[in-house]
Amino acid sequence: MMNFKEFWTKKTLIGLGLGQVLSLLITATGFASNDLAKRGINAPTSQSFLNYVLLAIVYGGIMLHRKKPLKAKWYYYLPLGLVDVEANFIVVKAYQYTSLTSVMLLDCWSIPSVMVLTWIFLKTKYRFKKVFGVIVCVAGLVIVVFSDVHAGDRAGGSNPLKGDMLVIAGSTLYAVSNVSEEFLVKNADRVELMAMLGFIGAIISAIQISILERSELRSIHWTAGAAFPFVGFSLAMFLFYSLVPILLKTNGSTMLNLSLLTSDMWSVLIRIFADKEKVDWMYYVAFAAVTVGLVIYSGGDKEEDQQRADVADEDAERGKRFDEEAGLGSRNRVIVAGSSKTGESSKHDVAGTSVAEREDLENKNLEKDEQGKKS
């Protein structure tokens with residue numbers, strides 16, 4: 001059993017700190033979107049545009065400095081960019097209809113969505129414990145929807161049910177984006193992924209803004225109060241996109257899931273203390289259900305990772321033995337080829353050391369038979 005000192009290692013402390021930074025960044029994006037919605041500003045694509053531009057400039061510059069070709073085909077990033085832009089658009093749009101707390105809780109729908117997509121496309125197998133955790137999580141999401149319908153005007157939106165459905169749809173698209181990113185990261189490169197996602201996302205966002213949000217942008221009275229949430233949202237999103245791979249590399253998905261779970265806590269605190277709004281009691285029940293579900297879902301990853309590591313060690317050991325046997329076989333083939341007649345070397349090449357062993361046994365058996373006949 002791990003003791004206290006073994007748990008509070010430098011790696012764990014860094015992971016906890018970075019995880020809370022990511023959690024606060026997600027909360028900051030939600031708070032910025034909620035603030036813009038209260039000001040009557042409805043330009044969700046424009047909010048994400050600067051984030052994609054920053055990704056394209058920063059990570060694209062790194063790629064140009066590397067001067068290396070793309071590891072994945074450029075057109076693989078087209079559907080990813082489209083899905084990611086529309087996911088951000090739909091979720092930000094939901095703030096026009098429902099509350100900040102509902103968006104933060106319902107965003108957890110991406111977890112069961114990822115689970116289903118990885119099971120179908122990446123052939124990932126899940127144990128019953130993880131499935132049960134997802135069921136508990138979904139139960140909490142159902143409570144959120146019911147709470148918004150029940151609370152009515154206290155939910156903090158003009159049409160809570162419509163907003164909740166938008167968040168669930170956006171979270172499903174986030175799941176598609178995450179699974180696609182997982183596939184591309186394994187087959188390409190993190191910097192390449194961020195650069196291409198930023199480049200294509202910026203182009204798609206610009207096209208969508210020119211079609212859907214030109215009149216909205218013209219009608220905005222650009223004061224410091226209106227510009228600050230726009231810029232803050234983009235910077236928070238850029239930092240979030242950049243830091244998530246670091247946490248995944250150092251501490252794994254369990255730390256990420258549990259860290260992002262606290263964003264719901266931060267959103268509730270913001271709503272209670274900053275906005276002076278009353279939170280319906282069913283939100284606390286939903287939060288508890290989502291918390292329990294995510295803990296059940298995330299728990300046990302360390303044991304599974306250790307099992308995978310053990311399997312990898314066994315594979316490495318088998319590979320090492322195979323190399324040793326291959327080397328021994330090649331030496332025997334050289335010896336046999338040097339002492340054999342022409343045409344017999346191919347037989348020794350196939351059999352290796354086993355041929356020599358069989359010959360020794362046959363010679364011993366012949367000697368025994370001759371001795372038996374003499375006696």
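Cβ coordinates are placed from backbone N, Cα and C, and glycine is handled just like the others.
As recorded in TrEMBL:
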type	residues	note
TRANSMEM	48-64	transmembrane segment
TRANSMEM	76-97	transmembrane segment
TRANSMEM	103-122	transmembrane segment
TRANSMEM	131-151	transmembrane segment
TRANSMEM	193-212	transmembrane segment
TRANSMEM	224-248	transmembrane segment
TRANSMEM	281-300	transmembrane segment
COMPBIAS	306-324	compositional bias 'Basic and acidic residues'
REGION	306-375	region 'Disordered'
COMPBIAS	344-375	compositional bias 'Basic and acidic residues'
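For the transmembrane segment (224-248), the partner stretch with the highest count of Cβ pairs under 8 angstroms, out of 48-64, 76-97, 193-212, is 48-64.
Taking Cβ pairs closer than 8 Å, the transmembrane segment (48-64) reaches residues 85, 88-89, 92, 191-192, 194-195, 197-199, 201-202, 205-206, 209, 230-231, 233-235, 237-238, 241-242 in its own chain, all 6 or more past its ends. Note on the transmembrane segment (193-212): residues 43, 45-46, 48-49, 51-60, 62-63, 70, 74, 77-78, 80-82, 84-85, 89, 181, 184-185, 241-242 of its chain, located 6 or more positions outside it, place their CB under 8 angstroms from a CB of the stretch.
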